[in-house]
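Feature list, courtesy of TrEMBL:
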TRANSMEM  34-52  transmembrane segment
TRANSMEM  58-84  transmembrane segment
TRANSMEM  105-128  transmembrane segment
TRANSMEM  140-159  transmembrane segment
TRANSMEM  166-189  transmembrane segment
TRANSMEM  220-240  transmembrane segment
TRANSMEM  261-283  transmembrane segment
TRANSMEM  320-345  transmembrane segment
TRANSMEM  366-387  transmembrane segment
TRANSMEM  393-414  transmembrane segment
TRANSMEM  426-448  transmembrane segment
TRANSMEM  493-514  transmembrane segment
Amino acid sequence: MKVFSAGIGLYQGGFKSKQTSTKEFLIASGQMRILPTAMSLVASLTSAASFLGMPVEAYYYGTMFMYCIFSWLIATYVTMKFFIPKFHQIGNASIYAYLEQRFSLTIRIMVTCSFLLVTILYMAVIIYGPSLALSQVTGLNIWLSVGSCGLICTIYTSIGGMKAVIWTDVVQASVMFIGLILSIIFGVIDAGGISKVFETVKNGNRLQFTVFTFDPSIRYTIWSILIGNTFSSTAQYACIQTQAQRYMCVKDKRSAQKVAWMNYAINVFMLSLFLCVGCLLYAKYHQCDPLRANLISRPDQLYPLFVIETLGRFPGLTGLFISCVLSATLSTFSSGVNSMATVIFEDIYKRISNEKSSISNKQQVLLSKLLSVILGCVTVAMAFAVSYMKSNIITIIIQIFGAVAAPILGVFLLGLFSSRVKSRSVLVAFFIALIFQTFMLFGSILTVKPANKQGGRLPTSIDRCIPSIDVTPAPTTHINSTILLSLFSISPLWFIFNGTIVTIVFAMIFTFILDSKDSKPIDTSLLVSRNEIFPCFPSKNERLQQAATQNLDENSQLDTVPEQESMI
């Protein structure tokens, strides 16, 4: 898999493409087709954290996360309807160019720096976590795995550019689907059939679709998914360069909107596969939880253990599973490196450097490739820093992503939907939200939570472990319930919702204090009009404009009648 991925990068960069401009290197000249672009978007969204973590979520928390199909539907519609048209209207490789035109260069650079920070941390976790899981279960050397993944990604991303990233993502997404489907087929056979799996999951209370509690500490409820995950998915689809850059790789707005909808359909299919794998994990280990039995040391090692014990007797299938995990790592890593190089070049270097007019296209391409190499090396180095994290990596990913993505989403929503808010108030609100989210991040990671604040985690059993396991229950320590403890115990799905609301509320408050003397006009084309939100109920100004346009059309038609008669 690694050799094949590197070969695609070498082919795209050395033979297929001349790469004479940064537009070709960063967004493939906007000439990519819809299907490969959508598959690339799926691959970049499906990190190894999702691949190893989502089945474990079903194992421990049940099937409530299936409601994600509705939150993803809302997020996809919002992205397609309001964000993609503005990005193509601006026409820049970086989506953060919109923020400069709507607010200021300062806002654009601050959001870019925040994106760079969260992406480096994000990629460090997704390259270290899966490598650790695989190393402890399969015996692979962890730093050989981390180093080789980082090296291969850096090579094909810096040489082949966006075309190499997209086409390797297509291959890697295909491998992930094959691995998941084979896991399900052999897992069902090993469990004794679909009916037996269903009965075991039902008796274990894993079929959950009616969790309506308002307790924010419960991870998966109808409210946390339909509200919290909708905000999270919108931020991921629309406000993070790594994913949104794909919308600029196709020729026009309509093609980008088709990419968004196709991504939604493929994501729903992959979520269904994750759910099936999670049910098979419970069917196999419902009487002997490997984590409590000390067969594994981390929750994200559960799926690799399942594959080794179920598929290990078939030659090649364990290797295929390792390729699936590495594919998920490679796709997310390469997308992150390419997007970071894009924003550094477009948002920082070209906007600050005084020599931008004297640099040739060839030099710009070389600079972009050099940035890709440096960012790849920095991310691999950062993987050492996350080696002390012990919880499920999907939880860590959601928390890190939510800490920074929420203020970014808040800024975009203010830019699109509020004509009153301007640069100064947005800048203050952005920093307040960032401080609040960082405080929440460290508090949720470092706080020891009592038994009643475990997020609705369902019980597991070790009654049938062989040899029998005698687990002495840990002494129960009474932890005083405080406001901070309740705050740090909320579900990770609420992270982005809370941060976004904080950003919007403080921006609205400070706009009366800081923006009253700001006389800079706002380009109304950068705002979402009432007609775009409610097409059936246009505003008075829009009705007058439509009437004026209609009168002009009628007058032009009347003017052409005498000409047509004279021609006859």
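The backbone N, Cα and C atoms fix where each Cβ goes, and this holds for glycine too.
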Honestly, do the transmembrane segment (34-52) and the transmembrane segment (166-189) touch, with at least three Cβ pairs under 8 Å and pairs 6 or more apart in sequence?
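Touching, yes - the transmembrane segment (34-52) and the transmembrane segment (166-189) meet the threshold of 3 or more Cβ pairs under 8 Å.
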What residues in the same chain, six or more past the boundaries of the transmembrane segment (493-514), come closer than 8 Å to it by Cβ-Cβ distance?
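Distant contacts of the transmembrane segment (493-514): 216, 219-220, 224-225, 227-229, 231-232, 235, 398-399, 401-403, 405-407, 409-411, 413-414, 418, 420-422, 424-426, 428-430, 432-433, 436-437, 440-441.
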Do the transmembrane segment (261-283) and the transmembrane segment (140-159) come together with 3 or more C-beta pairs under 8 Å, pairs six or more apart in sequence?
no
Out of 105-128, 166-189, 220-240, 320-345, 393-414, which stretch has the largest tally of CB pairs under 8 angstroms to the transmembrane segment (140-159)?
320-345
Give me the stretch from 58-84, 166-189, 320-345, 393-414, 426-448 with the greatest number of Cβ pairs under 8 Å to the transmembrane segment (220-240).
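Looking at each of 58-84, 166-189, 320-345, 393-414, 426-448 in turn, the most contacts to the transmembrane segment (220-240) are made by 58-84.
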Are there residues at least 6 beyond the ends of the transmembrane segment (58-84) whose Cβ is under 8 Å from a Cβ of it, and what are they?
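Cβ under 8 Å, 6 or more out: 205-209, 211, 219-222, 225-226, 229-230, 232-234, 236-239, 244, 247, 253, 256-257, 260-261, 263-264, 267-268, 271-272, 274-275, 277-279, 281-282, 285, 299, 302, 412, 416, 455-458, 460, 528, 532.
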Can you tell me which parts of the same chain pack against the transmembrane segment (366-387), counting only residues 6+ beyond its ends and a CB-CB cutoff under 8 A?
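Distal contacts: 22, 25-26, 120-121, 123-125, 127-129, 131-132, 146-147, 150-151, 153-154, 157-159, 161, 333, 336-338, 340-342, 344-345, 349, 359, 396.
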